[in-house]
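Feature annotations, reproduced from Swiss-Prot:
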- H83, H182: heme b b562 binding site (BINDING)
- H97, H196: heme b b566 binding site (BINDING)
- H201: ubiquinone binding site (BINDING)
- 33-53: transmembrane segment (TRANSMEM)
- 77-98: transmembrane segment (TRANSMEM)
- 113-133: transmembrane segment (TRANSMEM)
- 178-198: transmembrane segment (TRANSMEM)
- 226-246: transmembrane segment (TRANSMEM)
- 288-308: transmembrane segment (TRANSMEM)
- 320-340: transmembrane segment (TRANSMEM)
- 347-367: transmembrane segment (TRANSMEM)
Amino acid sequence: MTNIRKTHPLMKIVNDAFVDLPTPSNISSWWNFGSLLGLCLITQILTGLFLAMHYTPDTTTAFSSVAHICRDVNYGWVIRYLHANGASMFFICLYAHMGRGLYYGSYAFRETWNIGVILLFTVMATAFMGYVLPWGQMSFWGATVITNLLSAIPYIGTTLVEWIWGGFSVDKATLTRFFAFHFILPFIILALAMVHLIFLHETGSNNPTGIPSNMDKIPFHPYYTTKDILGALLLILTLLMLTLFVPDLLGDPDNYTPANPLSTPTHIKPEWYFLFAYAILRSIPNKLGGVLALLLSILILALIPMLHTSKQRSMMFRPFSQFLFWVLIADLLTLTWIGGQPVEHPYVIVGQFASILYFLLILVLMPVTSLIENKLMKW
């Protein structure tokens, strides 16, 4: 008799995705981040649900409701900090997952990659709106500055910003709608993640060599379920250490001051995971130009499959491309650092140089290097 997991309509779907899935035998720990992102998402949805039970999306009570969660709700402080630091862990996993895709040429699966880019945008939007909810100084001014960028759009800009705000400034209407969107978006992310997986399972996983591995596949369970559990335990350990020992390490002290429209903080900056994009935005002294550069810095990911000029899929056997890849990582870390610094010399010029290098690497240097490597293969 056939096992029920292979015949039952619902269990069959789970079985084909997590049990009997043929998986390359040589995928490394860099392939763990997909499952870790799933774990992060579930954690965020659960902690967020419990926070929403005690939070009030109103300008007069939002800040004190968060204080109430931390002081009066049973283990409310744990839930709140798990949620805040969970977002940081989410982005660490997200960037590692994307870096893996870039390095090993996983972007050759066009549909999977494009859904991934859409997922990135959705997660970024969710994180931004979540940061506004505690209604501290950085929440308010972050929301004001970032939404105001849309006013750079010719002709409809100002109208669009006021439409998003629901008034003439960031106020009660803005907070309420941000809370509504922050609640619904994770479920949209969940649905998109399923589509992401469906497309991935059409082609099967890539592997470090970039060479098709159909003749050498092993079942996902027990090999990769075990490997994923190890990754999950390390993720949980890191998250718990952050939450229980240094809960405010990645946050901004300004957000412990209630929002005040009459007092602007000295340095307005987003959470650490947006700093690289914020640095690119600030490095262009023109509002519309900055907004376009900001958008392009993320949208450029959608162009990656078209910019692939190498005859090899993975960078595993391409030392020059590997070097440029790590230069790109160093450049992004530099941009992240610059984004957190004040707008003054020498940070401005370093930021401008790093921004130019970012686009130059992706659009010119890496494709040209790949062509040179193709020529070298014939020698």
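Every residue, even glycine, has its Cβ placed from backbone N, Cα and C.
The stretches the transmembrane segment (33-53) and the transmembrane segment (347-367) are not in mutual contact, being linked by fewer than three Cβ pairs under 8 Å (pairs 6 or more apart in sequence). Taking residue pairs at least 6 apart in sequence, the transmembrane segment (347-367) and the transmembrane segment (288-308) share three or more C-beta contacts under 8 angstroms. When the stretches 77-98, 113-133, 226-246 are ranked by Cβ pairs under 8 Å to the transmembrane segment (178-198), first place goes to 113-133. Within the same chain, residues at least six positions away from H201 (ubiquinone binding site) with a Cβ under 8 Å of its Cβ are D16, A17, L21. Residues 30, 33-34, 36-37, 40-41, 43-44, 47-48, 50-51, 66, 69-71, 116, 120, 123, 127, 130, 235, 238-239, 242-244, 247, 250-251, 271-273, 301 of the same chain lie 6 or more positions beyond the ends of the transmembrane segment (77-98) yet place their CB under 8 Å from a CB of it. Here H83 (heme b b562 binding site) is positioned 21 angstrom away from H97 (heme b b566 binding site), judged by their C-alpha atoms. On a Cα basis, H196 (heme b b566 binding site) lies 24 Å away from H83 (heme b b562 binding site). Outside the transmembrane segment (347-367) by six or more residues, the chain places 279-280, 282-284, 293, 296-297, 300, 303-304, 307-309, 321, 324-325, 327-328, 331-332, 334-335, 338-339, 341 with a CB less than 8 A from a CB of the stretch.
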